[in-house]
Amino acid sequence: MRDDPLLRLGVALLAAALLVGAAAVAAALALRDAPAGGQAARGPGGEERPVVAARPEPEGTAPWVEGEAPGRGERDAAPPGAPGRARPGAPPSEGREPRRAQSLPVARAGWPMPTPGELEAASGPRRYRLPPGAILALTVEDIGLYRAPVWNTDARWALDSGVIHVPETSLPWSETPERNVYLAGHRLGYPGTGSRLIFYRLDELERGDRVLLEDRRGRRYEYRVTQKFVVGPRDSWVMGRVRGRDMVTLQTCTPIPAFDRRLIVRADRV
């Protein structure tokens, strides 16, 4: 029987089956101990270690900065759209004012055109008294504006009474690394109101002209004009803060009489 070929074949098949079974058991044990997806792997001492998937930073990623505004020869073209947004999952910047989705202030039209007498008065110095409730006085000597009242609301009554500060934006004393004190006023306004022609000459400002804010305690905040450009009525990104800048933004409607654009003058703190 030792030389029986059928017996030898049966023994060989049995040995092969045992080897295959042993390999399958070893593979099953290895799969049981291996981490999968978000499961925990085990260290040398049997302790669990979290498995973190590595994700490289995309090439070209850089902190957000605002793009250059149009030059003097491009004032009729809107600047680029809102700058790049924060990366998904990044925490919001502390103290950042929300960007508005609606139109910029001073969106109405149909103002009465100024009379020759009003234009003559606007060409000279215009001095205001700071009424109760106004938080700041605005002085821009190069356009004859002295101590114009600034109200901390964008309500219509405030806009018809002087200059408004958009409440969601910075104040000169805000405790933030950057500031954008956003002020708006009428180009024409209604006759007999405190806002009549208050920003009529805003387009005359040039680089280096002084903008002065004074609070009710007499503290002064001085700025110098650095930019002047035109945007669309829904370009609310101009109200946001800009990294590395402490500035005031003056805004009014343009051109006369369409008023379908917004003239932006920015001045940086000195």
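Placed from the backbone N, Cα and C atoms, the Cβ positions cover glycine too.
Keep in mind that TrEMBL annotations are predicted by a computer and have not been checked by a curator.
Taken from TrEMBL as is:
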ACT_SITE  His186  active site, proton donor/acceptor
ACT_SITE  Cys253  active site, acyl-thioester intermediate
REGION    36-126  region 'Disordered'
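Residue pair the residue listed as 'active site, proton donor/acceptor' / the residue listed as 'active site, acyl-thioester intermediate' shows a Cα separation of 7 Å. Secondary structure at Cys253 (active site, acyl-thioester intermediate), taken from DSSP and collapsed to helix, strand or coil, is strand. When secondary structure is read from DSSP and collapsed to three states, His186 (active site, proton donor/acceptor) falls in the coil class.
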